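Structure, as structure tokens:
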């Protein structure tokens, strides 16, 4: 390896990073379709069909079978079982005009305020497919979040629209969210192809709809991919937690510590995304992932209507079924706050490191700014590609420390109901599967991009996302 390919502090070299000619050649290769992922066309077709069916099934178990897994009692019961499942969807999840009004009003309100509320301007990473042009992002998620909270509070307390309606009409609204997911996925694909702006296409229709055709979808000042990643799923999740708390208060005259836990957990996650929105343009999701069904459907329907299972269970079941001891609550809250701290600071360390290397980092005073969120004089590996690999802060312990913390958070969201129902555990089980797969995708790409430098990096940081374990 070259002798100058070593780790050193940023204070020793203030040059702004840029890809070398070798790096540009590698980027050209990576910006082409190289191989099928997710099992190829058959695999993604199965997921596009299976995800909605799984969402309906888990909701039915939670809503109509006391939160327990149900299945045919015998071979002869298979057809009646399917008909029973269909009956629940037909009777309680038909996308009614009222459900369309609820979801559509929220959806287009989020889009409207994204256009009009002032925000922090952040320059993104150079985009190889745009000849290394950098895009500007209007980071106004925090102002939109506060505006949304005030708007919803006025609607709720005035009686115009009570949040409990979200719980009462959950199945119907979920169906509408799925329709939006499919419609926008196919719409984005066809519009992109008609404009000739597609990138990294495989030539297989189903696969390209799933992975997406467009990298940087925009309407004016709004980057649709970044907007959809935060404004839709996490706002809805937070509002569902408030709806669950309202439902409990109406039913029992108080809100359980378990439900308050979910209000806090969803708030922390949403607020983290909003207060540090300027870090999002530095992530894999913005820089490399295309805007297809995989991202769109999960943001519009999957995340908000599956990660909330513990909330939905608690909003419709006796609190005695999931009551903990004081020590249990202390442990649960402490676990959440610790995991959140690591998640928040590890994400900001990596994104701010990239900004430092690009020469675009500026302090943005949003609440809360946690200690160790920015690394002073970070250590890194200089690569032949031109980029630098961080080996400092949380990132010296694992290649994806944010995944470790995110996984613990997801597990705590299920543990909040204890053993009362297995359905909320879908989130952490699904999430660890996604993280392991995503690690593989990311590391395979990095190995191609950085070559021997990646091998050196893996020796320095041997663990993937669970230090000393995996």
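The chain as shown is numbered from 1 upward.
Quick reminder: no glycine exception, Cβ is built from N, Cα and C everywhere.
Bear in mind that TrEMBL entries carry predicted annotations, made automatically and left uncurated.
Annotated features in TrEMBL:
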- 42-65: transmembrane segment (TRANSMEM)
- 98-120: transmembrane segment (TRANSMEM)
- 141-161: transmembrane segment (TRANSMEM)
- 173-194: transmembrane segment (TRANSMEM)
- 252-270: transmembrane segment (TRANSMEM)
- 291-312: transmembrane segment (TRANSMEM)
- 324-343: transmembrane segment (TRANSMEM)
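For the transmembrane segment (42-65), the neighbouring stretch richest in Cβ pairs under 8 Å, chosen from 98-120, 141-161, 252-270, 291-312, 324-343, is 291-312.
Remark: the transmembrane segment (324-343) makes no contact with the transmembrane segment (98-120), by the rule of 3 or more CB pairs under 8 A. Contact counts against the transmembrane segment (141-161), taken as Cβ pairs under 8 Å, peak for 98-120 among the stretches 98-120, 173-194, 252-270, 291-312.
If you look at the transmembrane segment (252-270), the same-chain residues 6 or more away from its ends with a CB under 8 A from one of its CBs are 145, 230, 234-235, 237-238, 240-242, 244-245, 310-311, 314-315, 319, 322-324, 329, 332-333, 336, 340, 409, 412-413, 416-417. Sequence-distant contacts of the transmembrane segment (98-120) (same chain, at least 6 residues past either end, Cβ-Cβ under 8 Å): 138-141, 143-144, 147-148, 151, 161, 165-166, 169, 172-173, 175-177, 180, 220-222, 227, 231-232, 235-236, 277-278, 364.
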